[in-house]
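Enquirer: Below you'll find the structure I mean.
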Amino acid sequence: QVKELVLDNCRSYEGKIEGLTDEFEELEFLSTINVGLTSVANLPKLNKLKKLELSDNRISGGLEVLAEKCPNLTHLNLSGNKIKDLGTIEPLKKLENLKSLDLFNCEVTNLNDYRENVFKLLPQLTYLDGYDRDDKEAPDSDAEGYVEGLDDEEEDEDGEVPQCPLKERGERRWAGPERATFSVLSLVKDRDDKEAPDSDAEGYVEGLDDEEEDEDERGQKRKREPEDEGDEDD
C-alpha cells in the first residue's frame, strides 16, 4: 500500500486531481504543491493522513472539510495561498492532532499580533511557520513531519548510504545527499558503470604533462642561446 504520494505541479480540474481517490486509504503523506487548487472540498477521505502539503495553490477558504477528510493530520502546509484572515483558519480547531501549521506568504501573516492570535485560536499547535510560541525553531523531525524517518531508512544493512543519484520510494521520487559523490564518479565511469579507458579518465591531466615538457624545452633553449652567441663572437 502506498504511504507517500507526491503530485506536485500536476494540474487539477475543478478542484479535483485525477487519480487521487479514497483508495489510498493507507496514505500518510500527500504533497499537492502548485496544482492550481482553489478548494480542498474534493479531497478524498484519508483517515491515516498525517502530513498534507498544499502550498502555492489558490485556496482561500473551505478548510472545515479537512476535519472530516483528514481527521488525523499533524502537519499542514498552506504557504503561498490566498488566506487573508484568522476566520479562514478557525475551522482547523477541529483537527485535534494538528501540531504544525505553515502560512508563509499568505496575507494573514501581515495582521497585527498574527502569531500570538493564531496560537490562541489553535491551542493544539506547537509550531507556526516553523517556530513555537517562544520563537524557538522546530527540530528537523518536526519541521519535516512524516519524512522524519526517511534518513534512517536510507542506510543499507551495513549502515552505509547507497551510492545512487536519484531514489524512488513508492510514488515519491527524491534525491539523496550522495548526488555529489555520483557526480565525481561519473567523471570516470559511463552510464552502464563501465570504467573509462585511461586516456579518457586522465583527460586534461595528459595535456598538462605535454605543456610542462614544452616549458622545459623552451627553458633549455634559452640557456643555450647565450652560449651560441659567444661562439659566434670568437
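Here the Cβ of each residue, glycine as well, is placed from N, Cα and C on the backbone.
Note: TrEMBL annotation is automatic and uncurated.
According to TrEMBL, the compositional bias 'Basic and acidic residues' annotation covers 130-139, 166-176, 188-197. Sequence annotations record features per position, and here TrEMBL assigns compositional bias 'Acidic residues' to 140-160, 198-217. According to TrEMBL, the feature domain 'U2A'/phosphoprotein 32 family A C-terminal' maps to 111-129. Annotation source TrEMBL lists region 'Disordered' at 130-234.
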Enquirer: So what's near the compositional bias 'Basic and acidic residues' (130-139) in sequence-distant terms, Cβ-Cβ under 8 Å and 6+ beyond its ends?
Expert: 100, 102, 115, 119
Enquirer: Just to be sure I understand, if DSSP states are collapsed into helix, strand and coil, how many residues of the domain 'U2A'/phosphoprotein 32 family A C-terminal' (111-129) fall in each?
Expert: 8 helix, 2 strand, 9 coil
Enquirer: What are the DSSP helix, strand and coil residue counts for the compositional bias 'Basic and acidic residues' (130-139)?
Expert: 0 helix, 2 strand, 8 coil
